[in-house]
Every structure is written in structure tokens, then in C-alpha cells.
Amino acid sequence: RSAIYFFALLYSFLGISIIADIFMRSIETITSRTSTITVADRFHGTREVTVKFWNGTVANLTLMALGSSAPEILLSIIEIVGNGFKAGALGPGTIVGSAAFNMLCITGICVMCLPEGETRRIRSIKVFAVTCIFSVFAYIWLIVILVLVTPNYIDLWEAILTLLFFPILVILAYIVDKDFCNKKSAVGASETELGIGKVTLPKLECGHMGKVSDLTDQWTISDLYNTHYRHYRHQQKHILSEEDEARIAAGIIAKNTPHDRGWYRMNAIRQMTGHAKLNPQLNNKQSEKIVHDVNFDSIDKEDDEVDGGPLAVVEFAATSTAVLEKEGRAKVILTRHGNTENRVLARIETIDGTAEANSDYIPVKTTVVFEPGETSKHIDIEIIDDNIYEPDEVFFIKVNVETDQEAITGSRAICQITILNDDEPGTFEFEKPSYVFKESIGVASIPILRSHGADGRVMLKWKTKDMTAISNRDYEGGDGQLIFEHGEMVKMVEIPIHDDHVFEKDEHFELAIDQLSEGAKYGRIKRTIVTIMNDDEFKGVVSRIVNMTNANLDAIKLETITWGQQFHQAMNVNGGDTENATSFDYVMHFLMFGWKVIFAIVPPPSIWGGWLSFFVSLAFIGLLTAIVGDLAGIFGCLIDLKDEVTAITFVALGTSLPDLFASRQAAINEKYADDSVGNVTGSNSVNVFLGLGLSWVIAASYWSVKGQTFNVNAGSLSVSVILYTVCALLAILLLLIRRYTAVFGKAELGGPTIPKYGSAMFLIFLWIFYVIMSSLEVYEYVD
């Protein structure tokens, strides 16, 4: 029977999680309401601005807090009403136990879950300070009224005052958030002055994703598409379909969009229950593509670049360089990257090619020393100018790092140096026999190279010849000239290209070197073919990917779902996205199928702005919470646990696990710690003021009408509250120390390994200590 009731309790917690997901979805829809207002603009007179109706801090402390704490709050109310308006042990015990788990265990997990070297700081520190003060004051207030003022009973005025602290908290947090007490002399960059005050231009919020066009500052589809082919040229793999590219784009946009705590809680619940996820799901091939492509800078690096890890990497900055014979000196850059903290010695020496040492250059064989912190060295090699015509010649310089140092030789260990003969006017030719340009490029630049001499001033004439491309229709053809001054080695022929925005086949024309100054010579490639590639098809591909990306983003919107879509998602694993469903998704979908179908009858949040869904799902949560209360009481009886112990352990854990997973996700994915630990203190305050305050007002009013007092046996509850208050103060003190101390990385979350895990273990130990001591006190008090 104990096992049956345990699994029934666990199954009920999962059911509460599913209906809480719907409840949070309705809250997201309500708090995302926007309105368009007209504001003054110094440049355009007036302009329309879209602003959020709900202030973020107010939403977090009211509807968002209610969404995450609804089971605990409703359990307290239902227990009192169902118990003949007499105080019970499950409700208050669950509220205090849940607060301890949130403050200590969840914060500890968030502190240590960040990748190595990363940190997160709380951004709205003033709001956090207010909620911290109230989260501690709330439990001190319980001690005052239960132990000091009216021991073991609650007067109606005490219950009403407890409930009134909730709006006081919201108002004070709002004042601090808007910084009303600190007058500003100027309007910030993201604010617009209004006659009634200021309005902050809203950032894009979580479950209400914009279109791709709204996010061009974060990501563009053409960047993705171009990156795809750039990556192919480097890696020769990872070719993806348009559908893959669209899903990847949606995934990156969703990842780079800021989310609030409600979004993370819903996504955590959906991951636990095999439901449709709030971020686009990527298969292995798509995930690998993001790993390769998300950093554009790394794609542009050489394929064979060496990562030294903890070692230094010594190599040349380039694999080849050229110098005019007359310059008399070749400059080569030797670089060091990776670990630059140690002293490194590198041997360099020159090697003959067609250029010979002591005849064409002065050989070098020496040791270069990198002192700690140095990242580059310049090496000068003397070039001998013999004033005799010779073809261009090459020699090499090599670097070698001894193995007994904390350094290695990189892939660019040899650099080729070309000595350009400048005793003749030179040979002129195109670099390649053909070039390809997009129609939309505007101007095609074709290089003409000068080699085997760079002496004197040379005039070069060029001309074009129509082939399938027609001059003055497809491009600006004709003829022209270039002047190569003494020593100049490269010049560009620039030909304007016409973009007619009409789909047509690729077209081409010929460009030729027509005439040279006396003494200059023609090279091997006198003519080149220029192809104008039509990119209307490219634009069409990008347009299709944009449309598919927007479709993927629309699929994860919260407010647009219909009743039919709700049932479709409820009856299909992973919301119908079976391609990306995991084995865990299938197992949990099978177990949760009944709950999903039952709760699919809740009206979708698109009806009445989310309010109908809000009240219906709240009713379902109340019904399930009543069942959980009975199951928890019977289960505790079967295994000989008092209600107080059952409340601070099993029930508190069951109602808080979604918050744990949500806070962990928020800590990893968000830039700041506000949505992971910053909201914990506010939620703990709301639990007391709303959970206990409302239930006590109901009970105290009932007994006041009867002329009696509302008895609340302080007993073990007061000890549990005192223990939590002490632990919470220690946790807050630790967070403050972490924020302002360099050894912790000056951040509430993350930081160096040992301090990070030490902080987390300390917080988790405090939670274990609280549970054990509170449980021992319960039995000592009762027995």
C-alpha cells in the first residue's frame, strides 16, 4: 500500500506539472499583452511605439509567482477549508519546506551548473534586495505573530496584515524597478519621454517570438545560407536541406531570444513529460551544424590551425610573403598564441629555394625568445639587390620549437619568401582564366598582376568583348586603362554590373589586356572570361528558408494555439514532432497520456486574452491539489511520517522540482541570473503572504464570526521557520560575498571551480541540515 500511494502521489505531481504548464501558458499570454502608443520624436514629430501592458517586476511577483507557487498556495487554502477551518500541518509545512528547497537547493544547483569559467550576475540588484528583505521578513513575521504577539493563535488583524504585505511587496518592488526615488537628468537610449512619465521600449519576450525580420540584429537567414557554403568549402561536409537550415535558424533565433522564468518553467515541464517543446528541436546533424557554424570567426580561420590547449603554439603569421628586390629587407612575423605566460625559445633558419644564400639574400640562423606575455616577433632578412635582371626567386624560413618546453610548433612552420625582380618593367597577366560574380554585386573587380619586375611606370590598356552578356545592358563594357606606378604589383579593373531583378540564365563576357607600355611583357593569361551569375534563384532559396523559419517560430508560440492543436499535441509524442522525439519522450508520453488528454479540454489561451484558460486551469490545479493533500497524508501515515515531515520533504520536493529544472535552464541559457535565482526570493515571499495570508484570513474570519479564535499551534512550525530564516540569511550572505569578491568571480553564479562547487555544497548542506533538524523537532515536539 505504501508503494501504491507513493506512485499515486508521484503521478499526481506529474499531473499538476502538466496543468501548471497550461496555467503558465495562460499567464504568459496575459502578461505579454501590448498596446501601441504615440510618442514625441524630435526628428519625426511623433511615432508609434509598442509597449508591454504589464511591468516585468509586477508580472513576476503576481501572476508568475502564482503560476509557480499555485500548488502550495492552494494546498494551504484547501486544507484549512476541508479541515473545518482548522489549521493543518501540510499547507504551512509545504510552504516553508518549498521555500527552503528553492532558496538553498535550487540556488546551489544554479551556482555550480554553469560551464567552466562562465559567470552570471543579478542585473536588477535593487529589486533583488527588496525581495530578499521581504523573503526574510515574511518568516520573521510568522515567528512574531505565532510566538510573541498571540502565541498559538492568529487574530483577524494579523491574518489581514499578512495578506496586505503582498501588495506592499509588489508596490515597493515596482517603485525600485522604475527607480522613482532616483531622479534622472536625461532619458536613456531605450526610453522615450512622455507627458505622464517614461515608457521603456520593450525587448522581445520569450514565448512570443517575432518574425525573422524582427531579429536581423541577431541573425539573418542569408548569413546562415552563406555560412553553409563557406563551411562546405572548408570542411567538404555537413550539406543540409532547406528544411534543416530553416530549423537551425529558428533554433538559433529562439536561443538568442531572452526568456523569462515562466518560459523556462513551462519548457522544463514539457521536457519532463514528453510534451511539445518551446524551442525548435534539432536532430544530430542539425545540432552538429550549429556547433560548426555558430561562430563565424572560427570558420574564416585556416582549416589546419593548431589549438595548443595548455601549451603555446609558435608559427608564422602567413605561409608566404613577397618583397621587391630593391627594398633590401624582407619582414616576417612569427606569432605565439595559446599559453603566453611562459618564456619560449624558438629556432629559426633560412633554406635555399631558387634564391641562393649570400647571393640573393643573407641567411639567418638564430634563436628567437618570447618573453612572458609576448605574442609576436618581427624577423628581418636582408635581400641583396644586384641590379641584374633575374626571374622571381624564392627561399624559405623555418621555425622549430624544442619539445622540452611548454610549447609546440604550429602548422605554419615554414614561410615562403618570394624575391620580386624589379630591374624590368615586368610581365602583366590576369590571375585566373575566369571569374564569377553575382548579378547583385554592383561592381566586378578583376585583378591584373605584375611579376618578374616592377621597374618604372607602365600604362596598361584593357577592353571587353560581348559574349552572352551585352554591354550597357548587362554590364558597362568598352575599354579603359590602368597605370602601374614604380613598384606597384596589382591593379584592379572595375566593371559595373547591372542587376535587372529578372530571372535569367548566367551570362558572360571577355576581358582582355589590349596594350602595354614599351618594355613590358604579356603574361600567360592575357584574356579572362567574366561570368555574371543570376542570384534570383539564391534569393528565392533564402525567401523559402525565411518562410520556413517563421513557420518553425510560429509553431512554438504560446498564444496562437487552438483547441484542435491542443488535442493534437496532447495525443502525439513530443507534440507531433516525432522525428526529434527521444526514447524518454516516448516513455513519458505513454505514462502521461491520460493527464494530457484530460487537460486538453482547458480552453486555449487565445480565447479572451488567456483569462478563461487561467481560471479553468486554476480550478483543475485546486482539484488535483486536494487529491495530493489526501494522498500525502495517507502515505505519511503508512510509513509512519508526521504530516509536518511529509510536507517539508515529499510534498515540497514534488511541487518544486519543475522550478529546479527551470532555474537550471535559465542559469545556463540566460545572460543574467535574475530568472534563475533572482526570482526565488520573490516567490518565497509570495508563498507566505498569499498562501498563508489568504487561508488565514478565511479561517480567522470564520472563527471571528463565531466569536472564537483561530488556533494555530506554533510548535514545530515555529522551529522550522526559525531554522529556515537562519539558513536563508546565510544563503543571502553567501550570494552577496560571491557578488563582490574576486575569488568567486564577482558573480552570484559560476566562477572558478573550487569556490563554485564549495558554495554549492555549502547551500545544499544547509538544506539537508534544515530538513533533518526540522524533522527531528517534529518528533520531539509531538512525542
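Think of each number as a place in line: the chain as shown, counted from 1.
Every residue gets a Cβ built from N, Cα and C, even glycine.
As recorded in TrEMBL:
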{"type": "TRANSMEM", "residues": "6-24", "note": "transmembrane segment"}
{"type": "TRANSMEM", "residues": "61-82", "note": "transmembrane segment"}
{"type": "TRANSMEM", "residues": "94-115", "note": "transmembrane segment"}
{"type": "TRANSMEM", "residues": "127-150", "note": "transmembrane segment"}
{"type": "TRANSMEM", "residues": "156-176", "note": "transmembrane segment"}
{"type": "DOMAIN", "residues": "297-400", "note": "domain 'Calx-beta'"}
{"type": "DOMAIN", "residues": "415-514", "note": "domain 'Calx-beta'"}
{"type": "TRANSMEM", "residues": "590-608", "note": "transmembrane segment"}
{"type": "TRANSMEM", "residues": "614-639", "note": "transmembrane segment"}
{"type": "TRANSMEM", "residues": "686-705", "note": "transmembrane segment"}
{"type": "TRANSMEM", "residues": "717-737", "note": "transmembrane segment"}
{"type": "TRANSMEM", "residues": "757-776", "note": "transmembrane segment"}
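Looking at the domain 'Calx-beta' (297-400) alone, the prediction's average pLDDT is 80. By number of Cβ pairs under 8 Å, the transmembrane segment (614-639) is matched best by 61-82 from the list 61-82, 94-115, 156-176, 686-705, 757-776.
Here the transmembrane segment (757-776) does not touch the transmembrane segment (156-176). Their Cβ atoms form fewer than 3 pairs under 8 Å, with each pair 6 or more residues apart. Below 8 A, the CB atoms of the transmembrane segment (6-24) and the transmembrane segment (590-608) form 3+ pairs separated by six or more positions in the chain.
Counting residue by residue with DSSP, the domain 'Calx-beta' (415-514) contains 3 helix, 57 strand, 40 coil. Counting only same-chain residues 6+ beyond the ends of the transmembrane segment (127-150), those with a CB under 8 A from a CB of the stretch are 57, 61, 96, 99, 103, 158, 162, 165, 169, 172-173, 176-177, 674, 678-679, 681-682, 684-685, 688-689, 692, 712, 714, 717-718, 721-722, 724-725, 728-729, 732.
Contact between the transmembrane segment (156-176) and the transmembrane segment (686-705) is supported by 3 or more Cβ pairs under 8 Å, counting only residues 6 or more apart in sequence. The transmembrane segment (717-737) makes contact with the transmembrane segment (94-115): 3 or more of their CB pairs lie within 8 A, with pairs spaced 6 or more apart in sequence. Beyond its flanks by at least six residues, the transmembrane segment (61-82) meets 16, 20, 23-24, 27, 30-31, 54, 88, 90-92, 94-95, 98, 131, 169-170, 173, 260-262, 265, 618, 621-622, 624-626, 628-629, 651-652, 655, 658-659, 679, 682-683, 685-687, 690-692, 694-696, 698-699 of its own chain at Cβ-Cβ distances under 8 Å.
Cβ atoms under 8 Å from those of the transmembrane segment (686-705) belong to residues 61, 65-66, 69, 72-73, 76-77, 79-81, 85-87, 91-92, 95, 98-99, 138-139, 141-142, 154-156, 158-160, 162-166, 169, 712 of the same chain, restricted to positions at least 6 beyond its ends.
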